[in-house]
There are 2 protein chains.
Amino acid sequence: MTLVRDLSEEQILDRIVPLLPRGSSTLVGPGDDAAVLAAPDGRYVVSTDVLVEDRHFRTRWSTGYDVGRRAAAQNLADVAAMGARPTALVTSLVVPGETELDWVTGLARGLADGCAPVGAGAVGGDLAGGPLLVVSITVHGDLEGRAPVLRSGARPGDVVAHAGVRGWSAAGLALLEAGLVRAPLAAVPLEVADGVVLEDAWERLVAAHLRPDPPLAAGTAAAVAGATAMLDVSDGLLRDAGRVARASGVRIDLDPAAFAADRDTLRSAARAVAAAAGLGDPGWGPGRADIDGLTDTWVWSGGEDHGLLATFPAGTALPAGWSAVGRVLEAGESAPAARVTIGGAAPAVTPGWDHFRA
Amino acid sequence: MTLVRDLSEEQILDRIVPLLPRGSSTLVGPGDDAAVLAAPDGRYVVSTDVLVEDRHFRTRWSTGYDVGRRAAAQNLADVAAMGARPTALVTSLVVPGETELDWVTGLARGLADGCAPVGAGAVGGDLAGGPLLVVSITVHGDLEGRAPVLRSGARPGDVVAHAGVRGWSAAGLALLEAGLVRAPLAAVPLEVADGVVLEDAWERLVAAHLRPDPPLAAGTAAAVAGATAMLDVSDGLLRDAGRVARASGVRIDLDPAAFAADRDTLRSAARAVAAAAGLGDPGWGPGRADIDGLTDTWVWSGGEDHGLLATFPAGTALPAGWSAVGRVLEAGESAPAARVTIGGAAPAVTPGWDHFRA
């Protein structure tokens, strides 16, 4: 078994670089001081995100491949959320010397598979030693002549729509933490998108956590269809909807009926997690309140789903992958303390994930 | 004293973002899913670099300001080494909760001061908790209509030239490690460029290590003057000259006389470091061989100076900041084992820094 510390930096790069996709926008790829990318639009979109071992992933659950897929996905989703087409990413990797080389080459394969659906390139990076794994990615995109779709463009009367899964990542994490699903998942890519249904529905939730599959094409489709605001839902639906509402100076009212199917999907996982946690009436299993509370928390406040939330002018035919989940109101139209309401009422669950506070 | 863990992520960003320069190429700055940058040239340059606590810096020597300056400098140097004008950077910061907020705002100020000489913007980032400080930066640049200057363009007959300091960073680190210079340096920016001479010459070497000041303008000037190859010297002159030589399929012969002034500059520091290490004849202090050995190692193999090495067609009037240090030979013109020679002979010192091997 080869460890990272057995090789020089250049030897490691020699193993990684051939695994990475070049991408169609790449004029100069890895190997020089910098890459050169095409920007036919005369503008480009840039976003960066970092994954830290034991904060954002655990090596006992996530393979290098999983972390690569996830790092690519969450960065590409930020570009898609601007209405842009992702073109290329660069990666800074901090890696302990005792890491297996296979973990690092797996990461490269995961990045490559994460980029494949949109044809983005992996055009450069930096490699450093350190006491734990840190994967920092910066991603770029092409607006293809369109205006960027910001968070600030929602207008009263707009329809609020969502693309992607809701609460799956949080439910998958809870299943892992409760020991109810084995991880790491199989080395072959597990698709959580349409077309492939895993045997075990819980495993789909775990896959959504370990290898999120954001609806990237839905981002550009929304921009083409005239979305007025859009963002990547990474910190929970309520928190991220609140960001659109604040940036746009509006209120957002979510329709609870639009989330009924999500709650049905997640209920069996919630029942099992609640039972494993010893909630509810001993001898009778978890009560309905515990189970509903868990599903609600996952759906409304679960982070890292990397779906897209957008607003569209009323009457817009929503593009494929999008469904209406609420509407945009005047800032004064509901309780002043709540930027986001559910069926007109202030949410009963906590708003979502903060990186420094519980 | 406010610690990072006392604040939410949004509160921390509220303190940092106002300190960051917008930059003239920025169309959409921090606060959305991604930034939008102008690329009037239809292309842009991208590079990424990561700094890890206790690998690339120590908090007992480096303030947050120093780390910000250094992180900006070494990234901007990669863009300059392509012959491009640096335009904007994004930052991923991993920070322990017990870090003082002042360290983080200092980092932002250091980034801002590092960007100021070229007017680059700091247009976005990501913030995560973790057990140690990690600063990952991705930087972008504008080629202004010129071809990128790659490592692969050196041709036999070209002049080899260098801009910036040589061996200062390694000497500064050695002075710090030997306890011969106090750190951290004063909170006010210490300039190591022309115009300001610190009282203590050793402190200039330490400043070059803690707050490198790469010759960014010399990069674009070299491209305009017709440089055939160029790179940022981050891993030592011999190792990086070897990269140009390999990529270009040539040999590089460095002229030892061109480095005599560097060795004079560093000799007093080398004498003190050698004495502190107990080298040489006890009672007589370090011998000449120890001192010359140290200065040679610093000059030829010292990393992190972030000078620029370039090749120019013979007869080119070298732009400001550049001096001739050698020449490009046919691949067969010297000992076949050495891609880089010094005065025609294979170097006697080790080639430089590798991130995973000593």
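Glycine is no exception: its Cβ is also placed from the backbone N, Cα and C atoms.
Same-site candidate for Mg(2+) 4 binding, as annotated by TrEMBL with A:ASP33, A:ASP78, chosen from A:SER47, A:SER62, A:SER92: A:SER47. For chain B, the nearby binding-site residues by a Cβ gap under 8 A, listed in sequence order, are A:SER47, A:HIS56, A:ASP78, A:ASP232, drawn from A:SER47, A:HIS56, A:ASP78, A:ASP232, A:SER234.
A helical conformation is recorded for A:ASP78 (Mg(2+) 3 binding site) in the three-state DSSP classification. In the three-state DSSP classification, A:ARG151 (ATP binding site) falls within a helix. Closest to A:ASP33 (Mg(2+) 3 binding site) by Cα-Cα distance, out of the binding-site residues A:THR48, A:ASP49, A:ASP126, A:GLU304, is A:ASP126. Classification of A:THR48 (Mg(2+) 1 binding site) by DSSP places it within a strand. Around the Cβ of A:ASP78 (Mg(2+) 3 binding site), the same chain contributes A:SER47, A:ASP49, A:VAL139, A:ASP232, each under 8 angstroms and 6 or more positions distant in sequence.
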